[in-house]
């Protein structure tokens, strides 16, 4: 059989067919084919094919290529056209579109700030073993005091857990030691946030150790870890491993340097002392039960059954405490580490929980962020749809010259996406500029970089931008492309009447905005209530001064010298600070049925305590320094304590601490009015004041003349320097401490106020834009009414009535829902304001006034226009 002649390369021939002009293709392809055959006669097939490829590629020149556009290039040109038209429309209506983009950008920025805040609070305690670490807490229910959750535990609990529970891999105890004076070469360095911790501290938690050995740094007695900041402050450098510091006549060796503790750790400290420093002096420390003064953390095995462990807690307490009735007063529970920061607002004596936050607020802020996004999105959609409805004639013209529905559809979608994209970029700029102000208000360190480096969040936000753009462009594109172009051009744009969709969107928008206004007014009212409520003692111009053993030893001399100045009005001392939840000690009181035990809050005070703090004594007498029995055997109680004792006249009743023998009790010598020694979040607990000068005091309270505070401070500094120069003077004002108790509430109030302002501002911008479009659309009607004699006020009422009605409907929907939610929030306060009708009325009136003022500009402007301008072409 005769073998067929080789053909030119098929791919080369195909390329030639696709790329060459049709009028050249036949001629060129024939010539190349003949040349291919000729080459075959003189050379082999491989060279003939290579030559064919060369000739084909040689024809790929501009003059020979097809001029027809590919499908892809058509799409590119169409997209470019859509963008050009979109930009032209944006610039044509600059004011309206700027308003629209700005309001959406503010909404995006607010949501971004809320997201950053929520993520900051959720970022606490992100240790590698966080899901296996638990804080050991107690539920204490003593007679005579409220049932309370307590973060403290007993020294013996941790070691006993290791023995009795195989699920426990390790324990770590940490004990807050407050402020300590460290000496280097005899120079004192006061350092606060000093703690003692077990050697497992660095095994359980991932705090970054710059220098030292994690596994041994806290093994030896008198070992300490310093943070960078403390090392730099004391030594002037960080490389100080092996150096020594003196504290309370003991030498401590620096065995590790920690990076400064990040803000997002509930444990904050500057110096860590090894607990072996205590156990080396007190071998029974690990077996101590009875006193709760440290915090215990347990690291459990991955398969630990918490419910099963909880069933064994009573037997564990019975076995180790040495008390048969301990389960009557103590219940144990484990709190997961991730919940310590966000779920401890009801936990008392939670001293080692920095900046703890009510996690329920995060749910509220998530909802508020959603509200803001809805308000901004609704506002954007409303304005975009309203503006698009004025373009019916444009759509008619485009359809009449050949534009199809798909092209018109994409035109509106591209315009909407361009606007949402501009709003998103602008929101990043607003966030970057505004976060500094927000950080100052809420005392945080939020940063926009947190979002920019998180690809998941960025993609989610871009998804929202695209979705909003598509949804916004969808309605006008589908609604207006369905009309017949001839009908549109013949009869002008379709009369719309009152848009149900637009009205619904305004109602949703202002319902949420009004809710924000009411919430802001309610929060401010509650904060004002707490600020002005009579808490039962004087907090103004009281100076609190730290005391150590030296200051206690020289207390009488300090007091005598301080009172020599007329600007010092009183001096006393106490073991605990007002505004804190005082410790509870067991007490005995003799009743008709015999000795009764209960557990009131107790505070060790010095003489003149009631006078300095101006606490009202309603029965009995004050402490008297001249009476020896007033030292440890005299008690002044509050009304709540008297009620618990069942006594209408408690003065003279026998009373003592639980460790006093029954035949050696003291007496109740005075009765005070109830005063809020804790924050107003809590009801007044039972309280007993007692004097034990031999126990020592933590703080001196100095009452200054409010008209000349600086003179009193100068005198204090002089007396202190003369009397105890070796102990640095550290002081604070009680009023600042009391205000700090409500710091979180004040910060949340500021945030809600900002959000409420933004909500009403965004809504107002929307109404402003809508009123402009409405008056523009009704100019002929306004002209006719003016010709018929309508006044400006009549025109204003006619044009604003619809908007006012929508605001009233919004208020009607918002008010009852907001009332229910705020009532639940106020339940967090033992002392609270009431939700008055006036508060809701004020919010409604403010919303209505803002709406009317917003729309009045365009309405009055239109009403004052000469009717000739609007009717000249009719």
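Even glycines carry a Cβ here, placed using N, Cα and C.
Taken from TrEMBL as is:
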DOMAIN    99-312  domain 'MacB-like periplasmic core'
DOMAIN    367-485  domain 'ABC3 transporter permease C-terminal'
DOMAIN    754-867  domain 'ABC3 transporter permease C-terminal'
TRANSMEM  98-118  transmembrane segment
TRANSMEM  360-381  transmembrane segment
TRANSMEM  408-435  transmembrane segment
TRANSMEM  455-479  transmembrane segment
TRANSMEM  500-524  transmembrane segment
TRANSMEM  748-770  transmembrane segment
TRANSMEM  803-822  transmembrane segment
TRANSMEM  834-860  transmembrane segment
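With pairs at least 6 apart in sequence, the transmembrane segment (408-435) and the transmembrane segment (98-118) have 3 or more Cβ pairs within the 8 Å limit; the two touch. Across the residues of the domain 'ABC3 transporter permease C-terminal' (754-867), the predicted structure has a mean pLDDT of 82.
Each residue of the domain 'ABC3 transporter permease C-terminal' (754-867) gets a DSSP state, and the totals for helix, strand and coil are 96 helix, 0 strand, 18 coil.
With a threshold of 8 Å between CB atoms, the same-chain residues lying at least 6 positions outside the transmembrane segment (455-479) that come near it are 108, 112, 115, 373, 377, 380-381, 384-385, 388-389, 391, 408-409, 411-421, 423-424, 501.
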